[in-house]
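J.: First the structure, then my questions, so here it is.
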């Protein structure tokens with residue numbers, strides 16, 4: 001009598017169980033990684049840091065940028081984000097609760113105490129800024145500020161201002177069907193890409209695909225459906241340049257390189273920007289993927305310094321604590337989630353941490369910028385008061 005055939009664990013009759021188990025295990029592993037459940041947080045390089053605060057509406061500053069003026073930054077702040085975060089599908093506003101506008105703040109952190117100015121936004125009645133980008137004309141010195149706006153009662157927009165001393169002069173509003181969930185913005189400085197009225201072309205990220213609050217929350221963890229778009233000011237049209245990203249967030253770079261953070265994938269991608277002209281003489285762009293790096297958590301906004309070939313990455317090192325904060329009944333009374341700033345050295349490929357805080361000093365880091373001339377690191381927090389200034 002022949003021996004009974006051996007039964008192997010990978011026999012096809014077990015595949016009905018093995019495949020679902022493998023899928024579930026992969027999902028759980030990625031979820032644990034994304035949420036940073038086992039990430040250890042310790043204070044690092046916070047000894048020299050000073051928290052700069054002001055009036056109660058100088059808070060929830062999601063993005064900051066350096067001015068060409070020494071020791072000056074612009075901050076994009078929105079106090080109502082504590083109760084209404086359209087990005088994450090959260091609305092805790094009570095019926096009839098007054099909603100104040102957000103604003104752009106000018107901060108001179110070289111002064112003692114720091115000089116804080118809330119810039120007049122009176123022409124805009126439903127203004128809730130997020131990502132911002134600044135262009136300084138190398139010849140005239142004229143400053144143009146572009147901001148993402150997430151109004152509560154209209155579709156999202158990009159608002160364009162001219163900076164005049166301590167005033168913002170509103171020039172134009174851009175709306176487009178493909179500008180449906182914008183987060184971050186990067187201006188292309190090439191004059192060939194400017195419209196006749198001087199409006200620059202720009203890249204922007206759409207951080208979610210779905211508009212339903214429930215689907216937005218599911219998409220954050222499950223569906224890589226977001227993208228990066230290019231708005232061509234010459235044609236007033238948009239072009240999808242990157243697709244199927246897991247929560248596309250910060251965008252930064254130069255005219256030749258673009259960096260994009262994938263918040264739900266824990267990584268930052270680098271692309272080469274190729275600028276071309278079509279047969280009609282109109283400029284357009286294409287992107288080639290080059291490199292990527294991983295961070296210890298969820299990356300947020302980015303800032304690139306081509307003279308040093310380094311990218312500053314604001315990171316949420318314990319994303320599970322960040323999401324718990326967003327879901328808290330009263331964010332202003334809940335413990336802040338940790339902060340981290342990382343540096344990606346493009347020339348060596350190395351990524352290293354330069355700041356970490358458990359949230360007790362300054363939490364919810366969404367942007368980190370470096371004042372190279374003054375050896376300063378400035379950090380903003382999407383759910384924090386003021387900004388943090390540290391020595392490097």
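Glycine residues also receive a Cβ, built from the backbone N, Cα and C atoms like all the rest.
I grabbed these lines from TrEMBL:
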TRANSMEM  12-38  transmembrane segment
DISULFID  49-390  disulfide bond
BINDING   63, 132, 183, 249, 300, 301  Ca(2+) binding site
J.: DSSP on residue 300 (Ca(2+) binding site), three-state: which is it?
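T.: The residue in question, residue 300 (Ca(2+) binding site), is strand (DSSP, three-state).
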J.: Given the Ca(2+) site residues 63, 132, 183, 249, 300, 301, which other residues of that chain have a Cβ within 8 Å of the mean position of their Cβ atoms, reported in sequence order?
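T.: After dropping the recorded site residues, what remains is 62, 130, 131, 184, 250, 302, 314, 366, 367.
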J.: Roughly how many angstrom lie between the C-alpha atoms of residue 183 (Ca(2+) binding site) and residue 390 (disulfide bond)?
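T.: Here the two Cα atoms are 26 Å apart.
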J.: Around residue 49 (disulfide bond), how many other C-beta atoms are within 10 angstroms of its C-beta?
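T.: Cβ-Cβ neighbours of residue 49 (disulfide bond) within 10 Å number 17.
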